[in-house]
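Colleague: My questions all concern the structure below.
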């Protein structure tokens, strides 16, 4: 029997990117008692041949796993849900706030979501009612990051919500079961500065110096290190000897340059202990701290054209020092250089130089010149070490009074005392700001000023992000920028519990939700943030129009406005509708267009219930109900409610253009009864007659109506108000149509300015196309032309069918009231036998224009309305003799007085 090959039975687990054992560089495999090795990177041909001879066996398989893939997968999913567009397929709404998520993530992490999505797999939106949005945000971030970043007082709320949503892992974590404590993350997440330090400590030191093998977090730090420490090796041997000789001079012999501890990759045993090392480490730490304190806006970038020596050096301490020195010098009445020199130390007598009628004092020690004796005497104390000014609190002495003034502010609470953190690289003197340090180098080390400037220039070069390649002028800005590429949100809002990745995002949030709105003092317009307010004031009220079109010369206030204006010349319409293919020049026009497809008519008229897509359309429509006619024709004085109507009127009447042919109405036909309507809303309102839908319900009597306007009129019944008063008598009415009926039939007054009746309105506003081959519109036009005959024949037929016993109220007169003189009472007339002669209409003019032209001209021109259309009394409108009291009420008469209906027989008798 063939000897069975022996293979290592244990499965080797190889972690990608990590060594199992630093001592194991090879993997050994035994085959036919012959052990051979091959490098982990590339096996030998003999090994491959041996493996090929082995029969398939599970023991020969190797398990390859990546420890980073799990975290990376969650990271990719978390980054994806924060992008637009993303692969998220679920929208979770909590307290009106929307959260995008992936169904698979929330379903796996929460049994609540698993049950909801299993029951309704096609659900795209889930609304939570028992959880606050701030607590749910913590839970959602836990599902994507497996971490909580909460305050201690928030833990009970998050734990309760986790139990409600059945997120088991979160419940265990918050109960501290089988997990490590949160340490400071649960209790104290102190300041953004500490978070930046932690973030910096987590960065890998992947930049190594080739001269001293030290590691740095940033490439820029390495460049600064080379410029400072190994500058001689970079500039050449000759210049290098000079730099080395200078670097190891007596002043700097005790200083051993070392990187800060958090950037140094060496062990603690290798770090040298001593005053020089400690001082340097403290210096670098203080310098970094000063850089952080100087930075105010993480996204701001400094102008490269600023002076290298004064860049970022403005400091409150230096300003106080300069101001104090200025005040001190101004307060002292110093004699000029030509006057007698006071008490000057022996050997420091100044050299007097006569220069253009002005004497200058020159120091014999340092050749520095002064124009006043007081300044020179103060300068001599630098060489003598004399300090005549003493602090009365701590008894510390100073050489100048200005320095003592600055020192005294340390004991008071007037201003914050700034520590001197900036050390001169040539004499180790400390300064409070970079500005005073730069002045010190130019004054006392002029031979090293050029080198100092070159170092500053190297430092001022941009710091670049390795991920997005964005550049910054300062390292603290880059460190804050790196937070954007992580999951940290160290900046907490002082007004709520929201956290943000940057100070700028936090500021925008505070201005929008807590501090705003910010009104303009000039026009009163409100803005969400101060930036938009400032831009509005500059551009709108400041008269700035700095953006000019190079094609037509038009000037605009905003760059975005100019960009959109240029599309007029180029014809570019970048916003394409994916539904209908229509393109738009502006994004706002495209968003308004989308409402057409989504039937998003969010603006509703309060009077008639008609809905509109745009607010300006609703504003124009409301003028129909208000009767406002603010646009007047300058030629004839006719007023219109809309400006476009005035334009059409002016062009058609006064200019003679046939503008109305451009305005052809859109018609909608009912599928049930084939009636045609002008507007879509009118068709929808009509269709309710077939469907029986009555969406408008009275809350008092539960009666329903098809039209909102009918409900509005109905609500007057439930109130005691009678807002419509008759101008000719004391009668009041609840409805306007009742008042009009009363005026027409009781007082027999009809104003020529009254709006058309219902029948007239139907005739005039009948929409008709102008094409002669359209049968539908020709038929409607013919109906309009024959309409007077229809009324006449209808009246005759109606009266012929009326029974002789029914009295027809042809002429209605007021009944004598108690206060009315008898001689003013009119006699009533009765209906003679030939009733058709009484209702015979007046002769009609047959030379009507076309119906469409009539409808248009009556709307936009001066053509009078036809007022001679007869309104016959229909049988269903006739009153029963027993209901005479209702007619009296309708006409505004006294309820106790009936209306006299005299029959024909009574008249003959």
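If you go along the chain as it appears here, the first residue is 1 and each next one adds 1.
Glycine too: its Cβ is placed from the backbone N, Cα and C atoms.
Heads up, here are the entries from Swiss-Prot:
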| type | residues | note |
| --- | --- | --- |
| COMPBIAS | 266-275 | compositional bias 'Acidic residues' |
| COMPBIAS | 284-295 | compositional bias 'Basic and acidic residues' |
| COMPBIAS | 296-322 | compositional bias 'Acidic residues' |
| DOMAIN | 88-152 | domain 'BTB' |
| REGION | 252-344 | region 'Disordered' |
| ZN_FING | 207-230 | zinc finger |
| ZN_FING | 361-383 | zinc finger |
| ZN_FING | 389-411 | zinc finger |
| ZN_FING | 422-445 | zinc finger |
| ZN_FING | 463-485 | zinc finger |
| ZN_FING | 491-514 | zinc finger |
| ZN_FING | 518-541 | zinc finger |
| ZN_FING | 547-569 | zinc finger |
| ZN_FING | 575-597 | zinc finger |
| ZN_FING | 603-625 | zinc finger |
| ZN_FING | 631-654 | zinc finger |
| ZN_FING | 696-718 | zinc finger |
Colleague: Would the zinc finger (603-625) and the zinc finger (547-569) count as touching if the test is at least 3 Cβ pairs under 8 Å, pairs 6 or more apart?
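Modeller: In this chain the zinc finger (603-625) does not contact the zinc finger (547-569) - fewer than 3 Cβ pairs sit under 8 Å.
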Colleague: Do at least three CB pairs under 8 A connect the zinc finger (389-411) and the zinc finger (207-230), leaving out pairs fewer than 6 apart in sequence?
Modeller: no
Colleague: What are the DSSP helix, strand and coil residue counts for the zinc finger (696-718)?
Modeller: 11 helix, 4 strand, 8 coil
Colleague: Please identify the stretch among 361-383, 547-569, 631-654 with the greatest number of Cβ pairs below 8 Å relative to the zinc finger (518-541).
Modeller: 547-569
Colleague: How many helix, strand and coil residues does the zinc finger (463-485) contain under DSSP?
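Modeller: Final tally across the stretch: 11 helix, 4 strand, 8 coil.
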